[in-house]
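The ATP binding site feature in TrEMBL is assigned to Gly230, Ala231, Ala232, Gly233, Ser234, Gly235, Lys236, Thr237. What TrEMBL lists as domain 'UvrD-like helicase ATP-binding' is 209-615.
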Amino acid sequence: MNRELRYEQDRVNLVMGTISKEIGKLETETARRKGEVIQIRRHFWDEVKVNTDTFDDYLETIIGLRQEAQALSVSEGSHRHASQRLKVLQRMKESPYFGRIDFTESGESAPESFYIGISSLTDEDGEDFLVYDWRAPVSSVYYDCQPGPAEYSTPGGAVHGQLDGKWQYLIRDGVLQSMFDTSLTIGDEILQEVLGKQSDKQMHSIVATIQQDQNRIIRHDHGRLLIVHGAAGSGKTSAALQRIAYLLYKYRDQLNADQIILFSPNTMFSSYVSNVLPELGEENMQQVTFQDYLEHRLGDEFDVETSYGQLESVLSMGDADAKSLRVQSIRFKSAVRFIEVIKSYSESLESSGMRFRDVTFRGRPIITAEQMAERFYSLDPALRVHNRLDKLKEWLLGELKNLQKAEWKKPWVQDEIELLSEDAYHKAHRYLAGKRGYTKEAVADYEMEPEALARLVVHQKMKPHRRKIREYQFVDYKAMYGQLFEEPSQIGRWTNGETPVEWGAICRMTTDVLKAGRLFHEDATPYLFLKELILGFQSNSSIRHVVIDEAQDYSPFQFEFLKRLFPSAKMTVLGDFNQAIYSHADGRTDFSALSGLYGPDQTEVVNLTRSYRSTRPIIEFTKKLIPHGENIIPFDRDGVWPSLEQVGDFEDLHSRIILKIHELRRQGHQSIAVICQSAAESLNAYRSLSGIDGLKLIKSGTGEYEQGTVVIPSYLSKGIEFDAVIIYNASRDVYGDESVRRLFYTACTRAMHILHLYSVGKTSPFLEEALQEGALQV
Ligand SMILES: Nc1ncnc2c1ncn2[C@@H]1O[C@H](COP(=O)(O)OP(=O)(O)OP(=O)(O)O)[C@@H](O)[C@H]1O
């Protein structure tokens, strides 16, 4: 070992010693805190005297409860904090840092060395930093600068100086394996090693090898909207997660993980990425799918088609006319123009067209929809729709009260009283006694008046009606959305006379589906949007950052909706239009439709063109599947070229796939995916290949990504990666239509090390260029 390495190893030893001591202290601390939490939980009620006899007793009880809850929350918080720090230190024990910069600040005569790791560490006195957190201001120099003049920003202003050198360390279990002068490019050697590994069940953080353009995304900190358009495998998801960790660090006094929300394509993806933040000692942000949100908001009203359901339906349509109609419907209803239609339509409701539902009581309408419409339009037209609805609501509640007065003498009330259970009777007695001022002890003295009981019975009977009115269930949103499609020519009012091609047929199709109680996926957001415009938006102001991954799959309509839903949030949008798999994105190649969302001053676009996931030969091949693929730059990792086997029939196909999987397993590949176009094709493939041991079928409901050998539909493989990918049938029959090119590209770009394609019969035209240019072995 040369002198320099020995010096560095000694330093590693010193840092490791400090880490071990801190771990020791923290282990004692976490055990103590844990004991404290258990103790408080166990004796929670012992410490609180529950007494509600008098108001003062009641108040004392509440105060006692609150104090105990506070003590519990403080102890739990300290325990959580200590455990998180412990986890980080345990990771640092394997590798305390990964980088170093030698930086001479202007005015200083000698450089200072800054060692960079996943978290900060000071010496035992807490005075000197042994390791700087990768998110500390000075660490940006490591990711951003080349030797020479350099600067970094701090809350107190920019710090200028000279970067004298930049080093990378590979430390395993406290032993320095190697160090590289990485002054010019960060991490080629270490990146090679990281990327050459087998894929994992879960995504990992990339702190040690963040690249300069990715760092721009991570540290971006101005404007409301950051758009990242990047090639498959360029690190969009990774950068987004690192960005969240960065924001949590930078704004640790003002921001917590609950105020950040990540929109994922599906729950399997959510589980796949859920490890990155905890690995860095941060709590996970909230994760949701747009589909879950739709289901949550609309599931009670409709059978809502999922995005995958929509995709499957388009993929499986044999009738070309029906398919074209559906695709046109999807495109029109997802576009910016339709947002304007819905807005104008909702404005038009101010003067006419509001639809209501009869309020019925005991099976007969007591206030009809027509009466409500009449009342609504008799209100001051200067009032906004939702204000008029408020007034209508008050009127309805008043009407209900009047009705209550009229009802109590009716015979049905006596019938109900006779049918009251003993328990219900006693409850009513207690309740009325309380209202008459009888104390608990004197309840038995109260003699219930029959009239009071009758009124109470009617009041109770009307409870659900009052609730429905308070929830505005008297507004018939369904009818109002349906009304938009009742008379096809009316849309011209809101589109300057232009009517979309086939609009009449789209209207008929939509009306039929709505009548059947279903809602097409493309109608779900517009429907919700209309509902919110009518009633006022239900927004969530506590969310400060919204991160949308696989954003090419969201329609402009959905973005507009999300913007209104989270009015106080900044948005980070990550996507790749070459992987846009839904019909609404056809023809779109970038996020320009989003430029109007917050305006150009608030919007920044970053392009990532370097791709890391796959070996160079795989990227060279996949580049040839898409327009302008030549712009994608592969990270130079060697590997075998993708290969293609044409087979005569499915029997032959299955026996070859089985042999291939055995071969791949023998070579040590642990995650192998047989990627099919659709769910239907996946099911067939799975049944035919079920002899392979441990084979799993991934379906749209699969919640957790399990590693191994899987059969998976192309659209579900988004965002995930596999050591080896087998394209089940890259034939003209399956991938012949231009509309599935992006789906095909998405499937092929999932491969890290090996990509093998089969084709039953004629091959897909998407492969022609690759075949001609020798980027695919046959
Ligand atoms: N700077 C980096 N250092 C190490 N690994 C990286 C880096 N950038 C990306 N990777 C790796 O490349 C792979 C692809 O990254 P990621 O999934 O974030 O890309 P993506 O752009 O979201 O891909 P896609 O759009 O295809 O889903 C992952 O294995 C990730 O760990």
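Glycine residues also receive a Cβ, built from the backbone N, Cα and C atoms like all the rest.
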Using a Cβ-Cβ cut-off under 8 angstroms and a sequence gap of six or more, which residues of the chain neighbour Thr237 (ATP binding site)?
-> Met203, Val273, Asp549, Leu574, Gly719
Express the predicted model's confidence over the domain 'UvrD-like helicase ATP-binding' (209-615) as a mean pLDDT, rounded to an integer.
-> 89
Measure the Cβ-based neighbour count of Gly235 (ATP binding site), defined as the other Cβ atoms within 10 Å of its Cβ.
-> 26
Residues that sit under 8 angstroms from Gly230 (ATP binding site) by C-beta distance, when 6+ apart in the chain | Lys236, Leu574, Asp576, Val606, Asn607, Leu608, Thr609
Under 8 Å Cβ to Cβ from Ala231 (ATP binding site), same chain, six or more residues apart: give me those in sequence order, or none if nothing qualifies.
-> Asp576, Asn578, Leu608, Thr609, Arg610, Ser611, Asn631, Ile632
Once the chains shown are all counted, how many other Cβ atoms turn up within 10 Å of the Cβ of Ala232 (ATP binding site)?
-> 25
Which chain-mates of Gly233 (ATP binding site) that are at least 6 residues away have a CB under 8 A from its CB, listed by sequence?
-> Ser611, Tyr612, Arg613, Ser614, Ile619, Glu721, Thr749
What is the number of other Cβ atoms found within 10 Å of the Cβ of Lys236 (ATP binding site)?
-> 26
Just how many other Cβ atoms lie inside 10 Å of the Cβ on Ser234 (ATP binding site)?
-> 26
Near the ATP site, what residues other than Gly230, Ala231, Ala232, Gly233, Ser234, Gly235, Lys236, Thr237 in the same chain have a C-beta no further than 8 Å from the centroid of the listed C-beta atoms?
-> Asp576, Leu608, Ser611, Tyr612, Arg613
